[in-house]
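Student: Copied straight from TrEMBL:
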type: ACT_SITE; residues: Cys69; note: active site
type: ACT_SITE; residues: Cys69; note: active site, proton donor
type: ACT_SITE; residues: Cys192; note: active site, proton acceptor
type: BINDING; residues: Asn11, Asn60, Gly70, Asn71, Asn165, Glu182, Arg183, Gly193, Thr194; note: substrate binding site
Amino acid sequence: MTVTKYSASGNDFVMFVAQKKADRSELAKKLCHRQNGVGADGLVVVLPHPEYDFEWEFYNADGSVADMCGNASRAVAHFALEKGIAKDNKAEFLTGAGVIRATINGLYVVSDMVPPDIISQEIEEYGENWWLINSGVPHLVAVRDNIDKFNIEEARVLRHKYNANIDICTVKDDALYVRTYERGVEDETLACGTGMVACFIRCHKEGKVSDKMKVYPTSGEELYVSYEEGVYRFGGKVTKTFVAETLI
Ligand SMILES: N[C@@H](CCC[C@H](N)C(=O)O)C(=O)O
């Protein structure tokens, strides 16, 4: 099987085109395995759709299905354009969280995110206030003075208690800095798109950021999140790493 590997702000994905929906959970685990497979945070399968350019199946590295992935939404838009599945530098596709519209400009891809749901602003854990926000998938978000220290054991406890990804963020020098413990990878990843958007949403609602902010995840890559005409928008570069024939 031929697969394409992408990195989007440090989140990495294996992707391929298929014709029919299937349970590809075991395949996702094998392909995403860092030693015995291709190695990735997630698998994206692009499938035909009668109304949109395509629809996707998204799997985390542990084989679990997730409704949305902000970084993969940008990478798959680039992939679909190259394959001729999307046209005119635009991709419109169906995810478990709803329809994503992406604009592709070379390697720079911007996704219009699905409308978020702020589930709770009143969660108190480990001496701080967390907001539970669904920005496509659920994120528990705390804002701190600095994010140098991220207690992964505590994040793991919260991840299971709330069945959410866990994010800490800080605003510094007109930019937002974000670290995310990801569900389904079960560790901190180099970046998480829906996590960056969820952090922006909380900071924006609290008046800590302007309508458009540079955002830096753990990888150090520069992205932006904005709130324009009622839409949260997430943009940055994607990297097509390689195309390979797998024997898995
Ligand atoms: N890395 C993604 C989010 C992928 C899904 C997440 N791990 C979950 O299971 O909720 C992103 O860039 O948004």
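Any Cβ shown, glycine's included, is placed from N, Cα and C.
Any TrEMBL annotation is an automated prediction that lacks curation.
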Student: How big is the gap, in Å, between the Cα of Asn11 (substrate binding site) and that of the residue listed as 'active site, proton acceptor', rounded to a whole number?
Tutor: 7
Student: Through the lens of DSSP with three states only, how would you label Thr194 (substrate binding site)?
Tutor: helix
Student: How big is the substrate site in terms of the longest C-alpha to C-alpha distance among Asn11, Asn60, Gly70, Asn71, Asn165, Glu182, Arg183, Gly193, Thr194, in angstrom?
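Tutor: Among the residues the record ties to substrate, max Cα distance equals 15 Å.
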Student: May I ask for the distance between Cys192 (active site, proton acceptor) and Asn165 (substrate binding site), taken between their Cα atoms and rounded to an integer number of Å?
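Tutor: If we compare the Cα positions of Cys192 (active site, proton acceptor) and Asn165 (substrate binding site), the gap is 9 Å.
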Student: Hey, for the substrate site built from Asn11, Asn60, Gly70, Asn71, Asn165, Glu182, Arg183, Gly193, Thr194, who else sits with CB inside 8 A of the CB center?
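Tutor: Result: Asp41, Gly42, Ala66, Cys69, Ala72, Val137, Thr180, Thr189, Ala191, Cys192, Gly195.
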Student: What does the structure give for the C-alpha distance between the residue listed as 'active site' and Thr194 (substrate binding site)? Integer Å is fine.
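Tutor: Cα-Cα distance, the residue listed as 'active site' to Thr194 (substrate binding site): 6 Å.
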Student: If one looks at the chain holding Arg183 (substrate binding site), which residues at least 6 apart in sequence have a CB under 8 angstroms from its CB?
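Tutor: Residues satisfying the criterion: Asn60, Ser64, Ala66, Val137, Arg159, Asn163, Ala164, Asn165.
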